[in-house]
Amino acid sequence: MDTALLFDNAVDNAVVLLPEIILAVGVMVLMMVDIGRRGQNGSQLLAGLSVVILLLGVGASVMIWGRAPVEYLDGAVSDGFALSVRLVILIAGVLGVLLSRNKLPAIERQGGAFYSLHLLAVIGMMLMGTATNLIVLFIALEIFSLALYILSGFYRENAHSIEAAMKYFLLGAFASTFFVYGCALLYGAGGSSKYTQIHETLATGGGNPSLVLPGIALLLVGFGFKVSLVPFHMWTPDVYQGAPTPVTAFMSVGTKAAAFAGFFRLMMTALPSYHDQWAMPLAILAVLTMTVGNLTALRQSSVKRMLAYSGIAHAGNILIALVAGTAAASSAAAFYLFAYAFMNIGAFAVTIALDRQFGNENDVEQSRLAGAAERFPVLAAAMAIFMLSLSGIPPLAGFFGKFLVFKAAVEAGWAWLVVIGVLNSAISAYYYLRIVVAMYFQQPEEIGDEKEPLFVPASRPSVFVVVVSVLAVVVIGLQPGLWADLLRGLGQ
Amino acid sequence: MLSILTFLPVVGAIAVLLAPGDSLKKGLALGATIATFVVSLLLLPGWQEIPDMQFVERYAWMPDLNIYYHLGVDGISLWLVLLTTLLMPIAVAFSNQHIKQNLGGYLALMLLMETAVLGVFLALDLVLFYVFWEFSLIPMAFLIGKWGSQNRIYAAVKFFLYTLAGSALMLVAILALYFNAGTFDLLELQEAGLPPGLQQLAFLAFALAFAIKVPLFPFHTWLPDAHVEAPTAGSVILAGVLLKLGTYGFLRFALPLFPVAVADYASLISFLAIIGILYGALVALAQRDLKSLVAYSSVAHMGFVVLGIFALNEQGISGAVLQMVNHGLSTGALFLMVGMLYERRHTRLLKDYGGLWASVPIFSFFFLVVAMSSAGLPGLNGFIGEFTILLGTYKSSPFFAVLGTAGVILAAWYLLHAFRQVAQGELTNPANFKGRLPDLNWAEIGQLLPIVLLFFAIGLAPNFFLDKINPSVAALEVVKAPVVGDEWLVDSSYQPPLTSGQSSLTTIR
């Protein structure tokens, strides 16, 4: 393709990347504005701007919804799956920004840095879902990873936060190295960095097939680290606990959605002919991830660590969809992530609100939840709904996420894996229920605590996040068909 | 109509939560449950004595996935629906008098419970059924955990996890059925028929969920905890309605969908039911706490229901359906009366009572009637159910029938024992003296009277009830064309069940 034609094509099709472009411009605007108001404390304006930019991104995604998928410069595609993942990430981004409005000194002081990094992370995550080329994939991964390393250490005075950032960065850098090696080997195997090209070369017997499996293995380490699959999950609880809770909330959903989107597209478009070889190892990883995640979550005393291990277990559930490897499975995964965004961020939002009440320790011990339902009836009810949804009790959103994934897996012949999945769900119910039990059934330890007069003791944006999440979890649960229709898988 | 019936309580629950003031909440909750009962009574005038589903509603819920919102009622579910809608206002009326703490939440949960249970009885789509089935756990766990007695948290968690774990595999089985027949619709699945291998596995998964819910021995250990710790109205609903979900599940799903597997496992499950009958009765006999006595009697009585279902003939199953209603009424009433006693004296130990006939005659009279109904005295409802079940069981296996009859005798023993300890003998404890211990008031009599009248109605005119049950039962595949399974544990006198054409004792004439 000659250069002029390539350029024309790029301009014509730029619309497929419109959300990313809007956000990138937005980041620059944000930094300009920050420079313009140098020295002022408070970051209300910047947060508001970020929300507007993110909503413009949502608008752009909706605008290009339903267009025929177009590939952009051999590197990115905007198909239904990419759009679904984009939507999930943008939602997580908006909710994350809103949650940061909780009078957190570090964010108030350096709002410009915080919100531009936040938006950068969103851009990187969205690109992950669109990438059809190993190089774009890697760049996207690094954009959001670097932003998140800094964000998780944003509480500079807090030793845990710094520890989290350090750990995340060092281990993440290792994982990226594996990832690049994997990309290199796949490039060697398929003779191209383009997914479809790799697939064609390998399917027609060309290339260097002996490099494929080592390449997959190395890539698996990278992806496994990002979505926290066992045994690459060790960083998750420490980082989730140490990072500022709004950041944890955002990255717990965003990273998972982005990395899984990239993982799905790579495996299903570049390496479908090797499905027989990679499905079984992934199935074993899924079993390990679900089981270890759930069993460890049983023993946590901190709410954030519990949610971290629960996140690991959920990664195992989503991995089941990848093992199945069908179009229906990828759309089930998109639905799962969509539901997960609301229930998980909602749970973190309640944690933030309670933390503010209990003395801003950036975490909440489960023992402090005793009797919380008496003091904060609305927050407790919301938390109960999120916990029940996370454990997959119908008719809430989380149930249908699991249902669709399991359905796709049974259809693809992985019934034994689904059996392990549902048994794990039953185990997970125990630790989610424990939160509900503490809030509702136990008496608070210190008696004489006067009843809080507040409806909910949280900032208005957090209240908004909680309310939206509750509504979403319930509405998605009651009308799952609507959303399952909207969210598309690969090749749909 | 069925949708109104199912979701009216939810409307009530929302109204109760929003309403200011406890007395308005009480009124709204009672009003909502009574309105639901009235709506359910409207099913009777238009009832046709046919085997098919009636008042069917079917809308696409998740059309892409072939999941439908499909409700319907037939002879098997009709009386269970009415039982639910009848017990609910009674339980709410009782709670209105006695629940002090956080009344709004309590009543809202009761109403949500009603919706969940009605949904299970009416759903004809497996996914819809599963949704209601799982959802029914939440309100009950909350009722036990928040308003129960000392050990309530343990009981609530045990109840929740036990039943949740039990039904996890059912979801996989539902998916497996879907990929075999391409539908989640019960009626379509029934027509499609399933390969025997799949039937075996799917039956085991379904049966585990149902057996825990019933509860069938040896899956019953959650029940005494849950019952004893639950608040009174919670126990009434738990025993009266929730346990029926398990036996109803066997009838509605296991029997029509897996006839081959059912025939294979019928002997084993009947055997477990017999153990449950005898074991439950013997343990009940040894109880010192009146509430746990009633709780264990539930294990025994539900054993009868399961025995009737797995007799796999018309008498057994029709009797089982009727006995579900009977057990709901009589055990519900027993729990109610234990609760009334407890609210007065704050003890449930048998040794604290004795001679109550002298001080509280009205209470004692009602207690006697309820106990006799539970024991199966001829003329009252319990007799009809148990007799029909034993008749059916005798046809399929005289051996089990004999053992089951022993259970009837034991039931009379522990119930009379309970009555004697409570109402007869010397009035020794001063706290029970006349004047100190108030007799039933009008409100309480009002709660018990409808149940007691039904005892007599079912006992004296059983055909009114059985005639509506029978057509649906006779249409069951296992009844029409009995499949003879393995004859494990069945002695040489085993005869294949008679077909419905030959049966003459379907209704008691």
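Backbone N, Cα and C define each Cβ position, glycine as well.
These come from TrEMBL:
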type	residues	note
DOMAIN	A:131-428	domain 'NADH:quinone oxidoreductase/Mrp antiporter transmembrane'
TRANSMEM	A:14-33	transmembrane segment
TRANSMEM	A:45-68	transmembrane segment
TRANSMEM	A:80-100	transmembrane segment
TRANSMEM	A:112-129	transmembrane segment
TRANSMEM	A:135-156	transmembrane segment
TRANSMEM	A:168-190	transmembrane segment
TRANSMEM	A:210-235	transmembrane segment
TRANSMEM	A:247-266	transmembrane segment
TRANSMEM	A:278-295	transmembrane segment
TRANSMEM	A:307-328	transmembrane segment
TRANSMEM	A:334-354	transmembrane segment
TRANSMEM	A:375-393	transmembrane segment
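Here the transmembrane segment (A:80-100) does not touch the transmembrane segment (A:307-328). Their Cβ atoms form fewer than 3 pairs under 8 Å, with each pair 6 or more residues apart.
If you look at the transmembrane segment (A:112-129), the same-chain residues 6 or more away from its ends with a CB under 8 A from one of its CBs are 19-20, 23-24, 26-27, 30-31, 33-35, 43, 46-47, 49-50, 53-54, 57, 76, 81-82, 85-86, 89-90, 93, 96-97, 100, 106, 136-137, 139-145, 147-148, 150-151, 154, 250-251, 254-255, 257-259, 261-262, 265. Only residues 6 or more beyond the boundaries of the transmembrane segment (A:278-295), in the same chain, are considered here, and those with a CB under 8 A from a CB of the stretch are 216, 220, 224, 228-231, 233, 267, 271, 309-317, 319-320, 322-323, 325, 414, 417, 420-421, 424, 427-428, 431. Taking Cβ pairs closer than 8 Å, the transmembrane segment (A:168-190) reaches residues 134-135, 137-138, 141-142, 145, 148-149, 152, 197-199, 201-202, 207-212, 214-226, 232, 234-235, 239, 243, 270 in its own chain, all 6 or more past its ends. Panel annotation: around the transmembrane segment (A:375-393), residues 310, 314, 339, 343-344, 346-347, 350, 353-354, 357, 399, 401-402, 425, 428-429, 432-433, 435-436, 439-440, 444, 449, 451-452, 454-458, 466-467, 469-470, 473-474, 477 of the same chain, lying at least six beyond its termini, place a Cβ under 8 Å from a Cβ of the stretch. Counting residues 6+ beyond its ends, the transmembrane segment (A:210-235) has Cβ neighbours under 8 Å at 141, 145, 167-168, 171-172, 174-176, 178-179, 181-186, 188-190, 202, 255-256, 258-260, 262-263, 266, 271, 274, 277-278, 281-282, 285-286, 288-289, 292-293, 311-312, 315-316, 318-319 in the same chain. Of the two recorded stretches, the transmembrane segment (A:334-354) lies close to the transmembrane segment (A:247-266), with three or more CB pairs under 8 Å once pairs fewer than 6 apart in sequence are set aside.
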